[in-house]
Ligand code: ATP
Ligand code: MG
């Protein structure tokens with residue numbers, strides 16, 4: 001069975017069990033701080049497992065894009081691990097439970113209408129005391145007892161070891177299904193059934209309370225099951241991966257074989273390239289933090305694998321078209337970002353090419369040191385540093401070291417790694433499944449009714465007050481921060497790049513100033529502080545958004561859509577949104593584009609935006625089904641999660657975007673939009689900052705104000721005269737400088753004569769040590785030049801007080817230098833006298849000092865040093 005067929009069969013089978021087929025969640029979740037990438041199918045249903053939020057179904061089935069960073073080390077090594085893979089799941093939220101989950105899994109695997117696997121090839125595990133599951137497998141399915149293994153909480157509980165170690169919250173035993181290949185190969189876990197049936201409260205014993213509504217969460221590996229069905233020795237040999245491995249083999253001019261010499265490297269490159277394609281498609285760029293860091297790591301590792309096989313140029317980007325092609329049946333949207341993904345990968349490869357030699361250099365040094373000190377292993381800390389900063393992953397360093405007969409001090413490595421993980425805060429963790437006060441509120445009160453599209457004020461009732469992370473009955477301490485939840489609210493909570501509203505919530509006995517508004521699941525959370533009186537639960541209040549700020553936000557948001565449209569017109573369709581921030585009359589918009597936007601293009605973009613504004617086109621908003629909106633060509637963001645019913649914001653016939661923000665009624669209301677700046681933010685991503693309405697006008701006024709100030713200072717009231725005036729001033733300045741120069745030269749020439757006359761004769765040479773008044777360093781040098789030109793053998797030391805500091809300059813003619821008279825040596829000694837230091841070449845040296853009262857002494861000292869050197873040279 002082909003992989004695409006298996007995916008479809010699974011979803012169909014569970015649809016026949018009344019599970020609702022849901023799309024895969026995004027790979028890079030924005031609203032879950034506990035994970036960087038989606039690690040399993042259940043993540044999009046976390047709230048449902050906690051009993052928060054409502055869905056209109058209680059059974060679901062999905063095929064989920066997953067990425068597990070914890071498995072990086074396994075990739076290419078085991079036959080069955082990827083970083084990126086797809087997980088088929090079926091889920092019950094307080095609906096069906098263990099019996100159905102087990103029976104259906106068995107039916108799907110063994111029934112000849114579905115996968116038709118031979119029952120004798122399958123074994124299962126259950127949790128130690130899960131008699132219920134063991135009973136169903138043995139008595140109802142008929143599995144012999146010797147094919148049911150009992151495992152402890154480390155293996156068969158979710159989260160692992162939850163009963164004894166926590167965290168508190170939803171958890172439960174699981175049951176894994178293994179396939180044993182014919183011919184005695186190693187068995188493989190293909191499916192894990194998790195029975196979330198407990199709420200853990202505190203430490204054992206008796207800390208597992210049965211949940212009133214029990215859940216089912218199962219995950220079956222798509223690639224693993226495909227490998228079983230296709231009878232191949234690894235996941236990488238299945239129909240959607242083998243061709244990719246072969247493609248990589250061709251690019252590297254070698255051929256792919258599972259146990260060939262380059263097999264492991266090719267599998268890694270293939271896996272990592274696929275993972276990066278999906279992540280970059282969703283807007284992640286390689287970088288130094290969080291998701292970005294993981295993608296950088298994967299790309300570097302893939303590139304290094306190829307580099308060590310002799311491929312010294314970027315090549316990973318070349319695999320992308322084949323990946324997109326292979327994955328395009330389930331994920332056709334990949335085609336739309338193909339070029340951008342390739343550009344991004346290529347740029348990162350080029351970037352790494354710059355440090356790869358350094359990394360290899362560091363590695364070679366480590367080897368050298370180890371060998372010369374007769375050690376058998378490389379130090380763990382340094383190996384981790386190579387892994388961390390140069391993209392030299394442990395396994396790689398491992399195999400490189402093995403070639404040299406060396407191992408790695410793993411204890412040191414692990415210690416460095418653990419330290420890094422703690423320092424950077426975020427390892428891969430399976431978020432804590434415990435509900436906070438907001439979750440409790442949502443459970444008891446339901447969602448906040450959302451009125452932001454209707455206006456800026458409304459009557460409401462206080463249904464929740466949270467202070468210091470706890471629900472309180474009332475607030476009466478002025479100035480303490482408080483979160484307020486209302487039954488309904490006109491406040492817009494920050495989302496889709498638009499900032500949260502500010503304003504005030506007022507009751508008959510008190511007032512709370514709202515400084516920000518955030519969303520928590522279905523709740524609108526007003527964050528503020530009490531400014532007077534007191535506010536109690538169940539108080540009737542008036543919620544009032546700051547209408548002036550809201551108007552500015554609407555202008556900026558509608559202008560953002562106009563900007564997006566103009567970017568497409570001027571730069572092309574690839575210039576799609578990568579990020580945005582909409583504030584009061586101010587906007588920031590990030591978009592895909594490979595090069596800087598030229599000043600000409602920027603003008604064109606600004607012109608188009610302002611034309612659309614002056615056309616005064618109506619803005620309309622409609623709710624429709626996501627698939628209808630997409631059919632209409634509404635612009636949606638990859639990597640953004642949309643509900644089934646979406647809001648579409650349209651402007652005339654030129655702009656149609658999925659957007660939940662607050663907009664104007666007519667583009668004319670923007671008034672004016674000015675682009676302030678354009679810059680680079682990440683590889684292939686540019687940023688435009690612009691202002692609208694009041695702020696755009698303020699900005700122009702400020703600039704005009706500056707011009708006025710300059711004009712007044714230059715006594716040129718007509719602005720258009722300013723450039724001419726500035727040119728004229730610059731020319732005057734130039735002439736003056738030239739005159740000054742000539743003047744200095746002339747005056748230097750005059751005093752040079754005097755100095756030569758006053759010079760002291762030491763043997764065949766002249767020594768000139770003089771203090772000069774009212775000179776700068778440039779003039780000092782001029783003196784030294786003239787003196788050397790006009791005198792034969794000469795040693796010079798000049799001193800001056802320049803801006804309250806001592807300046808010394810020493811110069812020696814060439815013939816004296818040959819005799820060992822050094823300007824640098826002289827000045828070092830002289831500088832000591834004035835509490836300073838300096839040095840330079842034998843023929844010219846400069847120094848500074850602090851004590852201006854000692855300049856004469858310094859010159860005396862210098863003269864003595866010169867005389868000594870000249871005497872030595874003569875002897
Ligand atoms: P393993 O012990 O083999 O790493 P797991 O216990 O981590 O698997 P689960 O977290 O239970 O796996 O995930 C459910 C299913 O997803 C597994 O039974 C397997 O089929 C699949 N799966 C898990 N991790 C990977 C991976 N890195 N690559 C491919 N498939 C995977
Ligand atoms: Mg695992």
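Backbone N, Cα and C atoms are what each Cβ position is placed from, and that goes for glycine too.
Looking at 635-662, 663-690, 691-718, 719-746, the range annotated in TrEMBL as coiled coil turns out to be 719-746. Long-range neighbours of residue 557 (Zn(2+) binding site) (same chain, six or more residues apart, CB within less than 8 Å of its CB): 498, 582, 587, 659, 661, 662, 663.
Under a cutoff of 8 A between CB atoms, and with a sequence separation of 6+ in the same chain, the neighbours of residue 561 (Zn(2+) binding site) are 649, 651, 655, 657, 659, 663. Close contacts with ligand 1, defined as a Cβ under 6 Å from any of its atoms, occur at none of the binding-site residues 557, 561, 659, 663. For the recorded Zn(2+) site, residues 557, 561, 659, 663 set the reference point as the centre of their Cβ atoms, and the other residues of that chain within 8 Å of it by Cβ are 558, 560, 582, 619, 649, 657, 661, 662.
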